[in-house]
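Student: Before I ask anything, let me first share the structure, which is written out below as structure tokens.
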Amino acid sequence: SVYEVVTVTGDVKGAGTDANVFVTLFGDFGVTPKVHLASSRTAFEKNKTDVFRIKTHNVGPLKKLASWFLDRVVVTDMIRPHLRFYFACNNWLSREEADNLFVRDLLGSLNPMDVPKERRLDSDKDNFERGSEDKFTIEAPNLGRLRKITIGHNNRGSSAGWFLDKVAIDDMGNKEVYEFPVNRWFAMDEDDGKIQRDVLVGSMQPMIVYNVQVMTGNVRGAGTNSKIHMVMHGAKGIKNSGKVFLEGGAFERGLIDIFNVEICELISPLSRVTIGHDNGAVGAGWYCEKVVIYCPFTGIEQTFPCGMWLDEDEGDGLIERELYEMVSLRQKKQKYPWSLWIWTSDVKGAGTDAQVFLQIYGERGKSDEIKLENNSDSFEQGQLDKFIIEMPDIGRLLKLRIWHEKRHPFAGWHLAKVTLLKTLTMEKYSFECGRWLDINEDDNEIVRELPATGAYRVTICTGNVSGSGTDASVFLNIIGDLGDTGERLMFMSKNNVNKFEKGNHDEFLIESVTLGQVRKVRVGHDGRGGGCGWFLDKVMVREEGQPESAATEFPCFWLDRNEDDGQIVRELVPAGDGLRLFVNYHIAIKTGSVNGASSDSKVFVKLYGEKGDTDKVILAVSDNDLSNYYETGQTDIFILETFDIGKINRLLIGHTNEGLRAGWFLDSVQISVPVHGMQYMFPSDRWLCKDEADGKVEVEIYPSEVLEIEQINYEVTVVTGDVRAGGTNANVFCQIYGDEGKTEVLALKSRSNNFERGTTEIFKTQIEALDVGKIYKMRIYHDGKGIGDGWFLETVDIKRLTMAMVQVEVKKEETTKKDKKKDKKKEEVEIIEQLQEVVETFTFPCNRWLAKDEEDGEIVVELLTEDNEELENSYEVHVFTGTMFGAGTDANVYVNIYGETGDTGERRLRRSNNLNKFEKGEEDIFNITAVDLGILKKLRIRHDNSQASAGWFLDRVEIVDNKDDTYFFPCKRWLAVDEDDGQLARELVPVDEAFMKKGDDDEEDSEATLGLEQKMSTTYTVRLKTGDKKYAGTDANVFMTLYGTKDDTIINLKASKTHKNKFERGMTDEFTVEAVDIGPLKKLRIGHDNGSAGWFLDWVEIDAQSLGQKLRFPCGRWLDKGEDDGAIVRDLFPNPLQTEFYTPVPYEIKTFTSDVFGAGTDADVFIVLYGRDAVCTQQKSLCVNKRERRMYFERGAEDMFIVELEDVGDVMEKIRIGHDNRGVNPGWHLDRVEIRRLLRKGKGSETIIFPCECWLAKSEDDGETVRELVPSDIITEKLSRDGSLKVTEVEVEDALEHTYKVSVMTGDVYGAGTDANVFLTIYGDLGDTGERKLSKSETNSNKFERGAVDKFTMEAVDLGQVFKIKIRHDNSMVSADWYLDQVEVFDVDTEEVFLFLCERWLSRKREDKRIERLFYVKVIYETTVVTGDVQNAGTDTLIFMSVFGANGSTEEMLLQKNEDRFERGQEDTFNMEIDDIAPLRKMRLRIDGSGSRPDWFLDKLTTEEVSVFTYEDWLSKTHGPKRTMICEMAAVVDEEVMVELTTYIIQVRTSDVAAGTDANVWIIVFGENGDTGTLALKECNKSNKFERKQVDTFRFSDILSLGDLSKVRVWHDNALAPGWHLEYIDVKDEIMDKTFRFPCDRWLAKNDDDGQIMRELACANNDYLDLNEKTYEICVTTGDMAEAETKENAWIVLEGKKGRSKEFVMENSSKKKRFLGNVDRFEFSSKTLGDIAGICLGHTPKDGKKVKGEAYWFVEEVVVTERELGNYIFSCNALIPLSPKRDDFLTFECTKTIESFASKARSLVPVKYEIIVITGDEKGAGTDANVFITIYGTNGDSGQRQLRQKFRNLFEREQTDRFVLEMLDMGELQKVRVEHDNSGLSPGWLLDRVEVTNTANGVTTIFLCGKWLDTQRADGQIARVLYPKY
């Protein structure tokens, strides 16, 4: 029939449509199909009425019109069209239909799959009847592969219950059929009471059950009868459960309803829950309290509070709400769900009604007893019952116990099998039973224990290669997550009698326990029989019962001793995973250099790693292919390709002990794993031999160090074309280019016959290279060697592992057991972006010949990936040879062109337009085809120096590309060994064409100017050190490749700057190398061309000044075919610890040679620039090579150099310039030097002029060839705002010239003088003089003779406070040894004297054999001693003096009597040379009571008229009131006494053990002001001292107070009952009223503890009080000059190692005028900051007002003091700008710290020192005397300690004796004093040396002696002071 349809389009903007409109009519008799309202073009316009007539079948009276079934709304964001939102409705908008709602809220989603599209399957009378099949057609958007369906019913009607068997869906569009098996009830009163279910396709996977608890509120009218639905939303709302109806709940007031909701997605933890109802009942309103959802899979329970009405008449009237989690209530329960399936056998009477229980046992424990609900129809005959159970993680399942209650009459049960599937990881276990559980059947047991089992079907496919079959015995082991099958012999093939023949597929069945996921297969054969070699194509493994398509494929290749790598056992991993799971282990095995170290045995290894271990693998074929393996001193390298075992923990290595010489001495093993970027060192250094050492032939070794290396694996697959003669025997190479760089040239080689016609070969073992990012091109070529070298290449594939973000579905099957720990994080999300290793493949089609006689004759081809369009380009290369004599060459020339996007690789220039190439004055043209390089950047050209007269003068190269761009590369230099700088390679950069023309006009100028334009290259100074070993040198040609981050460059090292004969033993050769823009260096390859000329290379050092780094590449190995591993090429990497960094700044240096006769020079001129505070650059030669030296520094010339040197700061104070005096007439008359550099701020530059106007010549003036120049003028050119250059010239007022007079005293001992050249450097706090030769002595014509004083005058800049000197001689002339007594430096300008005591030999033969020494300044105190004017006051006894200052103390010094000193009433003056310990605190004088007049009346001493020490009493045993021979005097400065007198009360507590002693005890107390001297603990309050548990008190009055105490030294004389256990000592200072506690709790006994009877105890009071608040005192010094001060405020922030303080404002009040050229003090408290490392200073206006103009405050110095830690000094000398902004401040680093006494005392912790004493090897060297040692360090001395051991004869000839002494930390050791008491029969002792090790930090200090301690020999001394050997 025909219907007329009228549409009325609304009258609103945009109401019309151009779309196709369809209509469906619903009537009583049915529904019409969808009918198109075919329209004119103008239909459906705004405000238009359209009439349509449609012809369709009659549907009777129409029912719906005002109703609308809305499927979905799709909203597209037009600006970002990829954002498309889907709003599902799937419902009527109608007053009559469904739930009568005609207004709906739709929820959007970005995923069309996510919208729960409910489709109604119309239930006619006869639909869904028992046993019937109903068909429906549904239209839906294309959903791709179907994964699940949701199906349910609405429970209406009388018998709503429904048992659904399965659903089949035919996807018509994609022609796929899906089956959804269900087999469950949908009924409220059956099964689990569900009427809606999610079903997965194939339904292999179980559903995930969520436990949902819904709590109705306890409010009046809270309950509802409406239908409640809910949607659970996963993380980020990406997935949801679809609408789930909560059927069967009561929803009554105050009740909790519990539902189990099954859905197939793991979406826990949920992000939100939508809950609502259909408002469909009377009293529909509902008050929901909360929803609690527990997911057993993740173990997470989440609570979603609601607490609101869902009621149209309450609150906001919503009946659907979004609920969000209250995270604080989240709980995690650790149980995992398992799917349990139980099969009851199909035997008569097999079923049971009994209650069934089971318990499961795993590796980590067992489950609880689980009761399986037996409904009436469970466990029936032939039935499968499914349960979901929860168990904790009990690891891999081992067995299952199952039983039932036998009480029932029908209890007997025949169980077929049980399977358990862990739903999270898809681990599956089968438990076969097949027995009765019945008291009347079988063995009458009703309990069965079942082990887990499985069976695997294995298909072994032999390849189709000739000789591929084998008759050997083959074994196979399947390895899974849960274990392995063990090695099984493949004996019975299921389908072939003759196994493993070419092309066979053999099937085997392996029965075993369940292995979980199969991860790898180990396969091999025994290598027996004739043709035992086997080409195994692949192995396929599947679980028995699974389809063939489910098999896992494991590809393989040769298992043959003579093919490929020679292995006959391999581990295989699934196809495609090889690159990801297999790792190459490069194992370098070094055999020791011991006699007989080599072995003929086979060596095997086994690696143990974090993720597993490898098998024991015999190392069959080495990679470096030395003919004999494991020879003495040789290194063999093997590549082991095996499963990734993670980080290597240890290594088992051994040998099979076969062969004639089986014994083996293994030196070490090095394993590098490029894929992991790791290199492991395993030291062994032992025999593996039955007859040596412990007889072991295998040993486990642990790595001693693990280094990082950067490399990744590439797998290259090469397909050779199947054309006639397509194969090649040549060597094939490739190079890969990516967007982050390129690999090195990689050789494609293996032992099998490669590149045969029609073959596909995979190379991976060698191909480990840098990660080049996304690959875009590769170059592949061969070397044209061998017969039939032409090659037809079809394609190349490159695979590599890369980390990429992968969308991972974390479903149950994704994760494996291995990843358990990681899973806990994963399970909570569903689709997550995860970084994973994926294999990326790049395909390069080629399909062409690489042959000299095919196509274009090229044997190099560049290939692009398929997706890169053709980027080919051809380059025409024009090579111009120079016109000078001998310019041409017959050598082979190679060129590499570099552009923005890569390079062409090195190409030989073969076919020219001239027959004879590269002849003098000729132009040769060549064509190079390559991938387009973009704009050309540089060109590298070299020749191989072959043929006679290979030297070549290259004028220039021009390159024309196919866009007709021409590039000019000027060279104008020799490529020759014997010309110029000896280089055979040049890197050229393109220059502008105009520039080339300019050069032609006047030949004179072109060369010099060219030099500057080409200075784009980086100059490297390369130093190579040849080892100091026998035969270490080489005459071979050495080449080196520098690898930078951007590029690499190869260099032949021809012309050494230091030695004519290069690479000789022990020598260091220096080369200058240039390269253009290769980026920072990351490695270096060095090698030579001559295998027999072995070379031992120690190290290579490369200084790249433009990059500001000096790198050291250690080598320490042979490059020799017959040594080590036989390699003559090595890759070296920089040692980061030895890398020096500096900031390079470009300086333009101009030298002006004077216009006088002979002014020019060809010598090597060098320069050093100096800034403030001793900052200086390295010494830099201005010329790189001889050619430049000849060119520059001519008479009257002005030469310009651009050099990059370290930054010396804003002020350049001086320069040092000189030359090496080599060449003909090297004298040079320099007029001046100008140095220009760019300004830091603003545009412009400054030029500093250094006048010289004198000779640098040995034969002129004063004979100096080095001068220091100071600036006279500074010219600044600044670009001003208006664009003009503003030039200002400033004269430098003070040239800071200083004169220093140096006096050198040679010692008065035999042979003290020297004729060698002596050099001196003076260092001050403002700089140094540089090394100066002491040439003309002003006092003696013959310098440095015994006992003489030589004076010299030096001109230099002001050095400030001089603090050290360096002095050396060059060991020249006959008697070079020199005994230097002292050096005195007198500053003429300030009249200060600096004294340096030496008293050491500078000799290669004596003492520590050094000819260079550093000395630090001593301070000279002029000391006057006044003897009293009383009777007999004078003395001739020995007088000793010690001085104590705030910064340390001196040792005792003897005051010389010199006949007439120390007489009555006399004043004697001495010069005391002591360390700088000022200010002085006190002095101690001691007399020893010797001589005829032992008594002395001392009046006073004065030093420098500053400190006065008054005594006015006798030092005597017999005179005066004190009767003492020792006195202490406080210093008095300006009538202020520096140290008070006090009384010390010392309490000694003996411990509560059998501990007392009767020995005599002494003590010395140490503190801020020195020590007390030795105090005897005699006078006491107890008669019997030092008894058990006793406290003894001693008083010492009138002692000079030591201030805070740091330690005490206590000892006894070991007399009667000597063992003493001391608990503690308390010392009380009465004036300070402070007690210091010194805990001990140790024995002082020779037979207890460590046998020491002297102990040093640290003070416990100094324990750091780490209070929250600290007080910091800040002293600010403002500059003392005009405009330095400020009236505004300043602020400071302290930056400490533990934190940063707040801002502290230093206020400038009107009363206290601060910051006016003086020192201001502030205090502020802050949290603890630790050591202060830096400060920030700011300068702000007082009232925060705007700043007009520029104002500054000049700060000289800031001192921050914290009492506990000390002083931190910041030298600022800077202008701080006034600014209201808080971020305008200057930062200063700490320049000096002075540690506080408390902090020093805190560092006094007990440390064990190991003292090793080595006696010399001469007759009578040993001693029987008692030996004592005193150790001196920066923290004081140890006191004299006896070196003793029980039951051992010590100090015998050539013996080493070891002692351990515990002392308080001495700090850095400065010297030791060793002495003996001359007792015993032969006390004379020759001490070789003493070594002292601080065991706490492992630092060993060596003190050389080599002298006798013997009264009868040499100088008769029996005490020696030894200094450290530095």
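Just so it is clear, glycine is given a Cβ too, placed from its N, Cα and C backbone atoms.
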Student: Among 810-838, 897-925, indicate the range for which TrEMBL gives the feature coiled coil.
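Tutor: It is 810-838 that TrEMBL annotates as coiled coil.
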Student: For the domain 'PLAT' (583-702) and the domain 'PLAT' (873-989), does the number of C-beta pairs under 8 Å, pairs 6 or more apart in sequence, reach 3 or more?
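Tutor: No, the domain 'PLAT' (583-702) and the domain 'PLAT' (873-989) are not in contact.
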Student: Could you tell me how many residues in the domain 'PLAT' (1542-1658) are helical, how many are strand and how many are coil under DSSP?
Tutor: 0 helix, 64 strand, 53 coil
Student: What are the helix, strand and coil residue counts for the domain 'PLAT' (873-989) according to DSSP?
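Tutor: The composition, in the requested order, is 0 helix, 61 strand, 56 coil.
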Student: As a quick check of your reading of DSSP, tell me how many residues in the domain 'PLAT' (1419-1529) are helical, how many are strand and how many are coil.
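Tutor: Per-class counts: 0 helix, 58 strand, 53 coil.
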Student: By DSSP, how many residues in the domain 'PLAT' (336-451) are helix, how many strand, and how many coil?
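Tutor: The composition, in the requested order, is 0 helix, 63 strand, 53 coil.
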Student: Looking at the domain 'PLAT' (583-702) alone, can you tell me the average pLDDT?
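Tutor: Here the mean pLDDT over the domain 'PLAT' (583-702) amounts to 83.
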